Amino acid sequence: MGAWLFILAVVVNCINLFGQVHFTILYADLEADYINPIELCSKVNKLITPEAALHGALSLLFLLNGYWFVFLLNLPVLAYNLNKIYNKVQLLDATEIFRTLGKHKRESFLKLGFHLLMFFFYLYRMIMALIAESGDDF
């Protein structure tokens, strides 16, 4: 079961990683005036809630399967996402985006770094779980 969970974690984390890259590119495009604020907010707002939901579901799976350490690693980002959703500030506003662009870029870079580190952690744990499961067959 552990190997399948970490395979799923690698896949879900890749989706979130590419989402953060997409957000970062969109913020850079807005800064360079290649995209207008309404278009940026429309694109980003469609993806913010699914990104948080995927991360939350993955964290919940780790908690339910007894991987406490992995759950605790995910807890700060999970708490941050839940706090934003609870306070209803997860969506971007086109009228305020230029004023808050620096904050959103910093958040995107931090999440990008988090998901990149977690990708290698999940990959390592997946390989170790696959080796452990293949060792049980002999």
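Even glycines carry a Cβ here, placed using N, Cα and C.
Only residues 6 or more beyond the boundaries of the topological domain 'Cytoplasmic' (2-6), in the same chain, are considered here, and those with a CB under 8 A from a CB of the stretch are 61-62, 65, 67, 122, 125-126, 129-130, 132-133. Feature annotation from Swiss-Prot assigns topological domain 'Cytoplasmic' to 2-6 (among others).
Annotation source Swiss-Prot lists transmembrane segment at 7-27 (among others), citing sequence analysis.
Counting residues per DSSP class in helix, strand and coil order gives 20 helix, 0 strand, 5 coil for the topological domain 'Extracellular' (28-52). Sequence annotations record features per position, and here Swiss-Prot assigns topological domain 'Extracellular' to 28-52 (among others) based on sequence analysis.
Taken from Swiss-Prot, the feature transmembrane segment applies to 53-73 (among others), supported by sequence analysis.
Sequence-distant contacts of the topological domain 'Cytoplasmic' (74-111), counting only residues of its own chain at least 6 positions beyond either end whose CB sits under 8 Å from a CB of the stretch, comprise 16, 20, 23-24, 27-28, 30-31, 37-38, 40-41, 44-45, 48-49, 52, 55-56, 58-59, 62, 118. Look at Swiss-Prot and you will find 74-111 (among others) tagged as topological domain 'Cytoplasmic', backed by sequence analysis.
Within the same chain, residues 2-3, 5-7, 9-10, 13-14, 16-17, 20-21, 24, 70, 73-74, 77 sit at least 6 positions outside the transmembrane segment (112-132) and bring their C-beta atoms closer than 8 Å to a C-beta of that stretch. Residues annotated as transmembrane segment in Swiss-Prot, with sequence analysis given as evidence: 112-132 (among others).
According to Swiss-Prot, the feature topological domain 'Extracellular' maps to 133-138 (among others), an assignment based on sequence analysis.
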Report summary line: the topological domain 'Cytoplasmic' (74-111) resolves under DSSP into 28 helix, 0 strand, 10 coil
